[in-house]
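Trainee: Pulled from TrEMBL, these are the listed features:
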type	residues	note
DOMAIN	B:93-285	domain 'ABC transmembrane type-1'
TRANSMEM	B:30-49	transmembrane segment
TRANSMEM	B:92-116	transmembrane segment
TRANSMEM	B:128-156	transmembrane segment
TRANSMEM	B:162-184	transmembrane segment
TRANSMEM	B:205-228	transmembrane segment
TRANSMEM	B:264-290	transmembrane segment
Amino acid sequence: MAVATVTDWTRARPQPSWLARLLDYKPFLVVACLLPAVGLLTVFLTYPLGLGIWLAFTDTKIGRSGVWVGLENFEYLMSDPQFWSAVFYSIFYTAVATFGKFGLGLWLALLLNNHLPFKSLLRAIILLPWIVPTVLSAIAFWWIYDPQFSIVSYVFVDVLGVRDKYFDFLGTTWPARWSLIAANIWRGIPFVAISLLAGLQTISPSLYEAALLDGSTAWQRFRYVTFPLLLPILAIVMTFSIIFTFTDFQLVYAITRGGPVNSTHLMATLAFQRGIAGGELGEGSAIAVAMIPFLVFATLFSYFALARRKWQQGEAND
Amino acid sequence: MTDVPAAETKGSATAVPEAMAWDNRARRVVLLYVPLACFVLILLFPFYWMTVTSFKPNAELYDYKTYNPFLIGSPTLDHIYKLLFQTAYPRWLLTTMMVAVASTTLSLLSSVLAAYAIQRLRFRGSQYVGLAIYLAYLVPPSILFIPLATVVFQLGLFDSPLALILTFPTFLVPFCTWLLIGYFKSIPYELEECALIDGATRLQILRRITLPLAVPGLISAGIFSFTLSWNEFIYSLAFIQSSEKKTVPVAIITELISGDVYQWGALMAGSLLGSLPVAIFYSFFVDYYVSSLTGAVKE
């Protein structure tokens, strides 16, 4: 009798259905949660990455599966001056544009770090070049670089009277190369400035006060307080910037399409021209694969050269 | 050595002589406002030029001698009219919008689940999965588009918007997952423990506790994904062939540029209209956008 009352007390727990139990089973849940993301990335990122490396060693063309040709594609590219010109310009473009973006971006970040009226509005305006589709602002630059109706030429020739001839921005090799770099810097400044501004705002004002009390000059405060504390963020932003500048495609494709006389091809646009437009998938992949060592090197360099200080200081900050 | 600067700072903190105050103000103008104004001017000029060009009649557009190129003499809607009614522009805009919304939704869904699994379910090796997803973000589309084109072709998706919807997550998912992991990390784990003790299932916890607290993160990730997919170029260029299925950035480059004579008015109008949706969308959520940008960098 007593036993019966005891069983009465323990009210039958509502048994969850098998589906609910399955959904609460951790290993199943982990797999189910990771499946969409990992599935998408495997099919459309990891597999193509491997396939691209394989394609680089074949003579695949559009509409025809190729056979293994070993290093033939690379041997051909080695003797191709156009490829070397693209390699050179990619490195040059990345180096100069990164230098410009970071120099000007850091300056802008330092300016924005002051007390300013309408600060958030200013920040919003400054990010605009970064928001707007690159191709669309590139077309605007193309129009600004027009040989006959360039507004820049108009200002220099007709308003200021400094020059007597309109600039030929995109007609010859070096002016075209510099024009593209200028457009890239223009587009990159906002991202660098806003990210570095976030870094600047994490630096405690008391450090500056201490430095000020010790009698430091503005330059010393920048050199010994701001810069070292900014380095970790600088390293990450620079890694991203280098990767995406080196593999830039849109700007060049929209403004010059690699011209004049193929002198402004970056490796990505050359890969597109040979691989998709020309149909030589194997050769295009070889050019794309040739970018990988540069990217790995640039990433390691910018990361270790700059982030090294972080672990030297022993910060337990992930 | 230490006395002199201390005296100086003391001096500036108390009464400042009038000449020095003026000097300070002038200094501030020269070192701060002038460079800042230059930056803003240069960063905004292309947009101004875009706008001016799209509302100028052709006569003014190509005649700098009689008209001041910086101003519009008699504004016209000709270019915009031509763009909207004589080209497939509305169609392109619609396609772009659809692709951007669909790929954003898809990426957000899969990244929320992935970030939750990595950050909250804490299985063995979850750090490595997180690291792998982060590394995926470092693979630029320029390396992938050729092999992806063959994959898309094999799947029979070539020239279909579905190809874009499925390939855009390759750069959206890593970013969103990374951002959301950071957000989930900031939500106290104790809240979930309490819910677990109260008998909530894991999915209930995700839906009732974690997600509502991570709404700012979700919005940031959503805006970022939307703008990134709106701006995407290389995949859309490589995978879409027929004119009416193109996205705005690709269509402007390949369809609006016909022959040797560039219709600058229409081109600029097209760029302006193509930039407006993202710009408007962005202006509503600037703070989320900035925080996602900077939050992702700080993580």
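The backbone N, Cα and C atoms fix where each Cβ goes, glycine too.
Remember, predicted model here, so these are calculated numbers, not experimental data.
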Trainee: Considering only Cβ pairs under 8 Å, which range in B:30-49, B:92-116, B:128-156, B:162-184, B:264-290 makes the most contacts with the transmembrane segment (B:205-228)?
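Mentor: Answer, by Cβ pair count: B:162-184.
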Trainee: Which residues of the same chain, at least 6 past either end of the transmembrane segment (B:264-290), have a Cβ under 8 Å from a Cβ in it?
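Mentor: Same-chain contacts beyond the ends: 47, 49-51, 53-54, 56, 58, 61, 78-80, 82-83, 87, 89, 93, 96-97, 216, 219-220, 223-224, 226-227, 230-231, 248-249, 252, 256-257.
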Trainee: Any residues 6+ beyond the ends of the transmembrane segment (B:92-116) with a Cβ under 8 Å from its own?
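Mentor: Cβ under 8 Å, 6 or more out: 129, 133, 161, 164-166, 168-169, 172-173, 176-177, 180-181, 183-184, 206, 210-211, 214, 218, 221-222, 225-226, 229-230, 244-249, 251, 273-274, 277.
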Trainee: Report, as numbers and ranges, every residue of the chain located at least six residues beyond the transmembrane segment (B:30-49) whose Cβ falls under 8 Å of a Cβ in that stretch; write 'none' if there are none.
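Mentor: Cβ under 8 Å, 6 or more out: 268, 275.
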